[in-house]
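To start, the structure under review is shown below, and the notes come after it.
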Amino acid sequence: MCIPRKYSSQVVDGFERAPSRAMLYPIGFKKDDFSKPQVGIASTWSMVTPCNMHINKLADKAEKGINNAGGKGVIFNTITISDGISMGSEGMKYSLVSREVIADSIETVVGCQGFDGVVAIGGCDKNMPGCIIGLARLNRPSIFVYGGTIQPGKNRTDVVSVFEAVGRFSNHEIDEIELENIEKTAVTGAGSCGGMYTANTMASAIEALGMSLPNSSAQNAISDDKNNDCIQAGEAILTLLNKDIKPRDIMTMKAFENAITVIIALGGSTNAVLHLIAMANAAEVNLKIDDFTRIGKKVPVIADLKPSGKYMMSELVEIGGTLPLMKMLLDAGLLHGDCMTVTGKTLAKNLKNVQSYADSQEIIRALDNPIKKDSHLRILRGNLAINGAVAKITGKEGSSFKGTAKCFSHEEGALKAILNDQIKAGNVIVIRYEGPVGGPGMREMLAPTSAVMGKGLGGKIALITDGRFSGGTHGFVVGHITPEAFKGGVLAVVEDGDEIIIDAQNNVLELLVDQAIIDKRLSKWTQPKPNYTKGVLAKFAKLAKSASEGAVTD
């Protein structure tokens, strides 16, 4: 069987390509490998984070699958950063930037080397959208493999438990020994953060999108299932090459609607809004933030998963993973079953023989007994967010909040105020100049929101920002406010003591100040100087579009 070699043939075929072949012999090529399709394996392996510390071994498994199926696998690395380590620091400004670097680097290596297809393997949060953006741009047969979830720490803790313990320590609820004990036992080994945080959210979205093999999103990082997933992905890429099925054949508008539906049902992260829009942009699909509202009206939240719920991703793995949930949604008419996937089959065919969850499990509810009858991801508008903002409201916080503003021009100031007991019940914490351009980089506010929870203020205060939130954040929070403060959005002129209302029922975010006063404040406002004028952050600030457009750079 002759497998298409559209790109590698241009690199290695013919007498004039002898120098290229000469360079490939030392890396393990044999003469007969030059007649095989070359598949790049984009590995995000790194020792900077436990999310990715095992991915080199998974890349080896994918290479084995490719080679066994008649291709030639070639492993290369792209970067990862650690959100969990950089959170609350200046370094977090590089997090969203890393999404673009990952996409750019995959596009660069694959385009340069002439790979016919790609298997990309990711672990930490930005790996998932970064890989998919790169694959969509290239539009060569491709599969994404998720690195898998971490096991829970002692007493079912994880890294978010440590962030919240900081607030408890500040509140004198635990002592230094207890804090250190949590610190040492919460993160147990390899794998992505264990709740329905951003990594697991995006992995689930990508599987629903059709770009991963079935249940790739719901496997433990260190497991036979994950090893087999990688081998099978390597084999499946040869099927995609034979059938010439490319990412843009899979990543259609209907497929993105499936992804949105699944992440709503799972109670997923607000980051999904930003990243799915960016992924759609790369695939030339016109996905908008209002599509989340449209779909969210008919899709309930049915997964009792952290951070708002009780259970960990590893516990969802134990009861069957995401496939039975997707089958429930398909049978209810909430998914498009005719969408193509990387199996070479439609979503409906992939799910045909999936067994239902056991009646005894308590993690996934029935559709007629939801945790919330519609989406927890709310797109808010009003004079504070003319172009939209994103809230994650599970219902446990209530559906509206009215309070007085306490304003900060950066995350660090807000965190210090929370830990020093300067935030009181009824306050709306306003953190601004943290947007894609103003930060730059749109940092995640896990440190302050976790401190709020640790201080016992959850449900008593709200927090709004033009920055982002970690998937580990819970509480009454609104992010992605556009226009951002640095661009002259109304957020820039909110003053301490101003009343703000957040109405998630009617999707409203409003500053309760007369328009004439707002206009007067805006007329006196001047744009701050950029925080960076050289380097990658400066480049990102110049190129990045608004959060409502996915903060894309192309």
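Quick reminder: no glycine exception, Cβ is built from N, Cα and C everywhere.
Same-site candidate for Mg(2+) binding, as annotated by Swiss-Prot with Asp125, Lys126, Glu444, chosen from Asp83, Asp175, Asp496: Asp83. [2Fe-2S] cluster binding, as stated in Swiss-Prot, involves Cys51, Cys193; the candidate among Cys112, Cys124, Cys131 given for that site is Cys124. In this structure, the binding-site residues Asp83, Asp125 were compared by how many other Cβ atoms lie within 10 Å of their Cβ, and the smallest count belongs to Asp83.
The separation of Ser470 (active site, proton acceptor) from Asp125 (Mg(2+) binding site), Cα to Cα, is 9 Å. For the [2Fe-2S] cluster site, the Cβ centre of Cys51, Cys124, Cys193 serves as reference, and the other residues of the chain with Cβ at most 8 Å from it are Thr49, Pro50, Asn52, Ser82, Asp83, Gly84, Gly123, Asp125, Ile150, Gly191, Ser192, Ala199. Using a 10 Å Cα-Cα cut-off from Glu444 (Mg(2+) binding site), the recorded positions that qualify among Cys51, Cys124, Cys193, Ser470 are Ser470.
Here Ser470 (active site, proton acceptor) comes close to Asp83, Met87, Val160, Tyr197, Thr198, Ser269, Asn271, Glu444, Met445, Leu446, Thr449: these same-chain residues lie at least six apart in sequence, with C-beta atoms under 8 angstroms from its C-beta. Surrounding the centroid of the Cβ atoms of Asp83, Asp125, Lys126, Glu444, where the record places Mg(2+), the chain contributes additional residues within 8 Å, namely Ile81, Ser95, Leu96, Cys124, Thr198, Asn271, Ser470. Rounded to a whole number, the C-alpha distance linking Lys126 (Mg(2+) binding site) with Cys193 ([2Fe-2S] cluster binding site) is 13 angstrom.
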